[in-house]
Amino acid sequence: MADMARKLLKQNEKVREERAEMTDIGAPHHELSPAALNRIAAQGESKLKPDRQIHDGQYKAALPGKLIRSEGDTETGIADADTAYDAAGQVFSLFADEYGRNSLDDDGMPLVATVHHRRNYNNAFWDGKQMAYGTGDGKLFRTFLELSVVGHEMAHGVIQYSGGLLYENQSGALNESIADVFGSLTLQRGLALEAHEADWLVGRGILGPDINGAALRSMKAPGTAYSDDLLGQDPQPWHMDHFVVTTDDNGGVHINSGIPNHAFYLFATYLGGKAWEIPGRIWYHALQSLNNPMASFSDWADQTIKSANELTGNGSSEAVMLRRAWKLVGIAI
Ligand SMILES: [Zn+2]
């Protein structure tokens, strides 16, 4: 791994100390039966409304910084602040309108975010209470205000208030993976893309202009998001055979998340249609039912299948396909 990548990992570790916690297989498309759709009918437009509070960190470390846009305020003209506001609204809407959740804590908590966090800061994070976004140094990263990244950070909040997943080893990689899933679903829903039309990239376009890479992570083909002298090689495996045992990165939480990420991708593309509907609901329901902060990949796979059985019927084709998806990444349950 290149030095810079190691440095990045170190930086990620440092950030986590500062806060509480940051082979494609040809898949046939499958049409859902009307009965299956009815069983998990969308909840429709909810009456739930966000309470966004966007701050300017003024390139300093203090949080939250200066409040510059509250809910209902007109645009600030500060691009990062307006993007953070809009993106937070889309993430809120995914959870509210699709899954019936009222904000990150399901109790209407304000969505607090800080843009311009520190100077040349190469990260974004959820600190247990709020989101913060660096601008990037313009070299490794050009921005962190991209919809799947915002969705990822806010999903860490949802995970925290859903019973949590300990941020190390397999449970930590699940925390990362579930954040990627809902990050990607926010983007797919925002663009109205079906599973087979989506690129399944997390953080597309956030890498610096000279970095050889498309995104931070690929759920479709983990390990292929970037390959660069400065950033190193995307270290993500997609199969348990290549599970990385390491003490870096809190036990590989950003590395091994490629495995459950790929299982979700396989399931969603097998199923076809809009991934935030049935697959997203199954993942969301599983997260609400898990009640095990130290869950392993198999525990989580098991929970998602239980959730599929509950939402789509015992032994449904969805549950069968989901089991197949887990098996394809080396998790047999
Ligand atoms: Zn994360």
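Any Cβ shown, glycine's included, is placed from N, Cα and C.
In the three-state DSSP classification, E153 (active site) falls within a helix. Residues or ranges marked as active site in TrEMBL: E153.
Its Cβ placed at the centre, H254 (active site, proton donor) has 22 other Cβ atoms within 10 Å. What TrEMBL records for H254 is active site, proton donor.
Mean pLDDT, taken over the domain 'Peptidase M4' (83-160), works out to 98 on the 0 to 100 scale. The domain 'Peptidase M4' feature in TrEMBL is assigned to 83-160.
The domain 'Peptidase M4 C-terminal' annotation in TrEMBL covers 164-331.
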Note to self: Going by DSSP assignments with H, G and I as helix and E and B as strand, what are the residue counts for the domain 'Peptidase M4' (83-160)?
What the structure shows: 31 helix, 12 strand, 35 coil
Item checked: Residue pair E153 (active site), H254 (active site, proton donor) - Cα distance, angstrom, rounded -> 13
Item checked: Cβ atoms near E153 (active site) (within 10 Å, other residues, all chains) -> 26
